[in-house]
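The following features are taken from Swiss-Prot:
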- 57, 59, 115, 134: Zn(2+) 1 binding site (BINDING)
- 61, 62, 134, 172: Zn(2+) 2 binding site (BINDING)
């Protein structure tokens, strides 16, 4: 089985567009469809025909180009069953634990409510790829628009059990701000300090910070580390639940 090919590019202001191409079948999936023109440019540049859109959630900056791409390519749009009514052009719904084949590549659906009520992530199991959209960012997580903090914490735990070497592709280039915030709640984390310096250098050169790995996030992302004693001490929350610590970190990030 030939490895998947990926193309990552910017859409809108800070959205990542991602095309996933299976060279054996010619299938190409857009992970969300934030903006038509950059997606078409990437597909044309690579000589790929878009056959699928894998929608993660209903926000406009993730579905804006669904109908235009469907009209041009006749692509199949897959998305979360719990947001079906809000996703333009949806053909097939997916629930937590569902799986399907993209060529010979198994894709498992993980429902991660928090940012929205029905947000899903796509895990390419054998390829060790996770498309986490607005649930898990590099050094961050999505804002909580439709579900409470406890729900997002439990959603993140569903992702945290995946293999450490899993490559994580996320929805926005927010990493520099996330790194600066992370240092305010986990200031003694040496791995975080070195990573923040790396991110400052990458962004100064205009380079993307995607992908990250799940193992790196577990070492440095405060939103996955609410149980960490050092963070709890810094926040003076030693006796609180993981959900309460996570909620405090999220509140601080909202006001950062």
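Here the Cβ of each residue, glycine as well, is placed from N, Cα and C on the backbone.
Positions of Swiss-Prot features highlighted on the structure.
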residue : record                : Cβ contacts under 8 Å, 6 or more apart
57      : Zn(2+) 1 binding site : 80, 83, 115, 116, 118, 119, 120, 133, 134
59      : Zn(2+) 1 binding site : 116, 134
61      : Zn(2+) 2 binding site : 12, 15, 34
62      : Zn(2+) 2 binding site : 15, 32, 33, 34, 55, 56, 133, 134, 171
172     : Zn(2+) 2 binding site : 14, 15, 16, 134, 137
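Other than 61, 62, 134, 172, the residues of this chain whose Cβ falls within 8 Å of the Cβ centroid of the Zn(2+) 2 site are, in sequence order, 15, 32, 34, 57, 59, 133, 171. Sparsest Cβ environment among the binding-site residues 115, 134 (other Cβ atoms counted within 10 Å): 115. According to DSSP, residue 61 (Zn(2+) 2 binding site) sits within a helical segment. Residues 57, 59, 115, 134 make up the record's Zn(2+) 1 site, and a Cβ search at 8 Å around their centroid adds 56, 58, 62, 116, 119, 133, 135, 142, 145, 171 from the same chain.
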